[in-house]
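Annotated in Swiss-Prot:
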type	residues	note
TOPO_DOM	25-1073	topological domain 'Extracellular'
CARBOHYD	Asn92	N-linked glycosylation site
CARBOHYD	Asn136	N-linked glycosylation site
CARBOHYD	Asn184	N-linked glycosylation site
DOMAIN	253-430	domain 'VWFA'
MOTIF	259-263	motif 'MIDAS-like motif'
CARBOHYD	Asn324	N-linked glycosylation site
CARBOHYD	Asn348	N-linked glycosylation site
DOMAIN	446-537	domain 'Cache'
CARBOHYD	Asn613	N-linked glycosylation site
CARBOHYD	Asn781	N-linked glycosylation site
CARBOHYD	Asn888	N-linked glycosylation site
TRANSMEM	1074-1094	transmembrane segment
Amino acid sequence: MAAGCLLALTLTLFQSGLIGPSSEEPFPSPVTIKSWVDKMQEDLVTLAKTASGVTQLADIYEKYQDLYTVEPNNARQLVEIAARDIEKLLSNRSKALVRLAMEAEKVQAAHQWREDFASNEVVYYNAKDDLDPERNESEPGSQRIKPVFIEDANFGRQISYQHAAVHIPTDIYEGSTIVLNELNWTSALDEVFKRNRDEDPTLLWQVFGSATGLARYYPASPWVDNSRTPNKIDLYDVRRRPWYIQGAASPKDMLILVDVSGSVSGLTLKLIRTSVSEMLETLSDDDFVNVASFNSNAQDVSCFQHLVQANVRNKKVLKDAVNNITAKGITDYKKGFSFAFEQLLNYNVSRANCNKIIMLFTDGGEERAQEIFAKYNKDKKVRVFTFSVGQHNYDRGPIQWMACENKGYYYEIPSIGAIRINTQEYLDVLGRPMVLAGDKAKQVQWTNVYLDALELGLVITGTLPVFNVTGQSENKTNLKNQLILGVMGVDVSLEDIKRLTPRFTLCPNGYYFAIDPNGYVLLHPNLQPKPIGVGIPTINLRKRRPNVQNPKSQEPVTLDFLDAELENEIKVEIRNKMIDGESGEKTFRTLVKSQDERYIDKGNRTYTWTPVNGTDYSLALVLPTYSFYYIKAKLEETITQARYSETLKPDNFEESGYTFIAPREYCNDLKPSDNNTEFLLNFNEFIDRKTPNNPSCNTDLINRILLDAGFTNELVQNYWSKQKNIKGVKARFVVTDGGITRVYPKEAGENWQENPETYEDSFYKRSLDNDNYVFTAPYFNKSGPGAYESGIMVSKAVELYIQGKLLKPAVVGIKIDVNSWIENFTKTSIRDPCAGPVCDCKRNSDVMDCVILDDGGFLLMANHDDYTNQIGRFFGEIDPSMMRHLVNISLYAFNKSYDYQSVCDPGAAPKQGAGHRSAYVPSIADILQIGWWATAAAWSILQQLLLSLTFPRLLEAVEMEEDDFTASLSKQSCITEQTQYFFKNDTKSFSGLLDCGNCSRIFHVEKLMNTNLVFIMVESKGTCPCDTRLLMQAEQTSDGPDPCDMVKQPRYRKGPDVCFDNNVLEDYTDCGGVSGLNPSLWSIFGLQFILLWLVSGSRHYLL
């Protein structure tokens, strides 16, 4: 009680200006500090207003109203027009799909199966021919085509419209009878591919993915462009692509049941772990899954206690858990299956509500657990697939019976080479009900967003299953076949969809976005995944994002709308309504993360949404209040156009300021370029030659940029150039909605680092959302010490009311010289006389820190030289205890957000090896010990060597040079977290004590009116040691939110409206047998003899 009274008395005395931390001189009173701050604010705002010409540019826009009209952005009309355009685009692609699927079924039904083919009878282009120049010209029975390729701008790579290409997975023998027959009958699709393109030249990839793994795509193109990614491995299998998985079967509820009894230890356990991981990769976000283990008891392997969505994060949790399972005890199939059925039949949790599956991985056993199946699965609505894993002598009968009696399939995985094949073939079984459903199952489905393997960037794919209709009668009542032949796919690039959602009348903070039934965005400004896979395309990213490659990027791109933006209850409601296919509109105040992800602003936004008919997608348009109207230039006189375009020529930079234009698609024949000088020259030459009214040009875009060029030139000529050099101003700039950036004088523009695309400028977008002058800290973490030397940016939006309509067509600003500001700052905050050390902000004071921070907590000014070198740095890294206290007293609030699209350095360098990731690679010491050959690891090596001799190309995919391996795994997908700080409320002043335990620091905080700045005067951190743990704002690697907690409250989603999981006509007698990869006994004996001879007689060779 006494201590509390003493603290209260101290605060009272401090606020009265009676005592200071040294007790020698009073700490300046709040009134005194406020007077300093008011003077600083007045000087800064006056400087910025006078030097920037914000009022003068507004006058220019008002003066020349005859050169433009103010047009409305009718949100409802705009979003519905865009939705109809997207519907039309996807409908046209669907028609191409239907033609392809019908032709494929017709051709295959007429195809006569052949066991033998004459030499070079099957003619095709193998897309991987260029990967291995030393490979044979052709396999027996086939002949290679060698297309002539041309560079195509639509595909961004070399293509041939004369041919289709074929991709065959590395672990499939190209000369097999099955492959040759498929090559033979699918060749007829080439003509349909070509006819589709003749009808719609905008078509992109058309692909048939076969259930055997063969992929035929048009137009032909080399699988990997060796000029970009030389000597990279190929692990592609069309059956594992997101679009194939979705099209091949209805969604799945899968329970993976793993035998962890003592008999599965060693190599068998390793094979099971890898098999489960590969099985998880066959699932998409429409599926639900869990993994349980059992011996004498059963339990979940992870924290998940029920089925969870098979998204990337949940699958990672399950994979990590499976890798940690251990084997012990005895097998009790009854316990395992009882646990599996109970969980699989729990309908009180979110699930796919379609195919119900149990996947059993075991080494075998004698028990059949008939009573469990009789209890839970009398109607056989749950399929049971069984996998006999490893080399053992158990009777396969019991676990094969389990599969056959429960409409599943039995597989054998004796070695590492059989895993990929046997963990994906279950999709053929799940496809049976679809085939038997006939036309009812012939529905085009559109996928989630994913990265195209052939360098189109982000795409969605329309899919349609292709059925084997051989032996089917005309009335389709005699169904003799239930095999799915494969999936037909047609790609739609997100860039094509973006073109249907024009943005350049919406202002930089207006945008479209679209979501799918999972709530994942397929359009959104923040959908920017990193291309980190071998053969994965380079796409346009923010400059801060690295562009690296890694083979792990086969995952679909799944960014939830609530992760793409800062979540609130209203956005949750909007997301739910969009998933349900409703239309609506909401206006509300929300937090907005800045383009550079350092700041958070508050702004009013109107969300307007509508469904895209014929699809499961929903489209929305977001507009700030100042974007309800836009300026449309009407430069009808060519003489005015010519006069304004003249100001864009580099020869006039000295007079008009260094000029940048946004790299937009102004004309069909004028390609945007990142080189501003080159693009500006091309633009001027094109306009001079063809005039802005050329039919190949977007007249509105060109006229708007010319209008802004004229207006901004007048600002330079009539105002900036006539002002004398103003002390402290290094540069002046203006940035416009039309795409103009002018920097004056010319020399300052030569060092301009901002994005020439004004719609991507972080400071520009922030200025529009703020009524104050916005001070922007330099990028300390990117540029390091000394970044402030280019000046501190101050910007403000030009605000107009034309006929009562609010417009913000431009932002003006200046760059302040830091040294001049320091001088002014010091003069303003010095008291005279001042005998003591704490009465003012003396330069390099030992006891007093005086700093100015912006609204994000970044340092902009200080009275210490060592702080000056840290301008632009987050204050939590400079004075962590004070920054924490500023949060505690509610000056700052913060928001922690996660980026699920990041790339990071791997935690540990992977070991090089020629085997698959679960294969054991022995050391030389292992091989030289004869005893080692009796272990299970030796048998694993024998299997791999035998496999490579029998099928020489099966393991070819894992042969890599060391530098290739290191480079390809240089980065990996990861989650990062970042914390943005912002002013919590409108309170202007804060005073108090920062308690550090054994000592305390008196402080006073005062915001600078009409700016985003705050002044802090506090006893130096050196006089009172406190919490030194850094408070970080910058992006850091993270585990993200706890998936175990997230699955307890899953976000709303909707699965497909139709489900094909059972059909009374299904013939399930074909339920599996012996694996085709089992080697002969004589091969094993012969290989073992050779290896033992090498070990005993050729030790010098091994060394």
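Cβ atoms here come from the backbone N, Cα and C positions, even for glycine.
Sequence features annotated in Swiss-Prot and their locations in the structure.
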residue: Asn92; record: N-linked glycosylation site; DSSP class: helix
residue: Asn184; record: N-linked glycosylation site; DSSP class: helix
residue: Asn324; record: N-linked glycosylation site; DSSP class: coil
residue: Asn348; record: N-linked glycosylation site; DSSP class: coil
residue: Asn613; record: N-linked glycosylation site; DSSP class: coil
residue: Asn888; record: N-linked glycosylation site; DSSP class: helix
The domain 'Cache' (446-537) - residue tally per DSSP class, helix then strand then coil:
5 helix, 32 strand, 55 coil
Work out, from DSSP, the number of helix, strand and coil residues along the motif 'MIDAS-like motif' (259-263).
2 helix, 1 strand, 2 coil
So among Asn92, Asn324, Asn888, all listed as glycosylation sites, which is physically nearest to Asn184 (N-linked glycosylation site)? Use the C-alpha atoms.
Asn92
Asn348 (N-linked glycosylation site) to Asn324 (N-linked glycosylation site): how many Å between their Cα atoms?
29
If you count the other Cβ atoms within 10 Å of each Cβ, which of the glycosylation sites Asn184, Asn348 comes out on top?
Asn184
Which whole-number mean pLDDT does the model give the topological domain 'Extracellular' (25-1073)?
86
Which residue, of the glycosylation sites Asn324, Asn613, has its CB surrounded by the fewest other CB atoms within 10 A?
Asn324
List nothing but the one residue from Asn92, Asn888 whose Cβ has the fewest other Cβ atoms within 10 Å; the candidates are the glycosylation sites.
Asn888
Given the glycosylation sites Asn324, Asn613, Asn888, which one's Cα is the least distant from that of Asn92 (N-linked glycosylation site)?
Asn613
Would you mind reading off the Cα separation of Asn324 (N-linked glycosylation site) from Asn888 (N-linked glycosylation site), to the nearest angstrom?
42
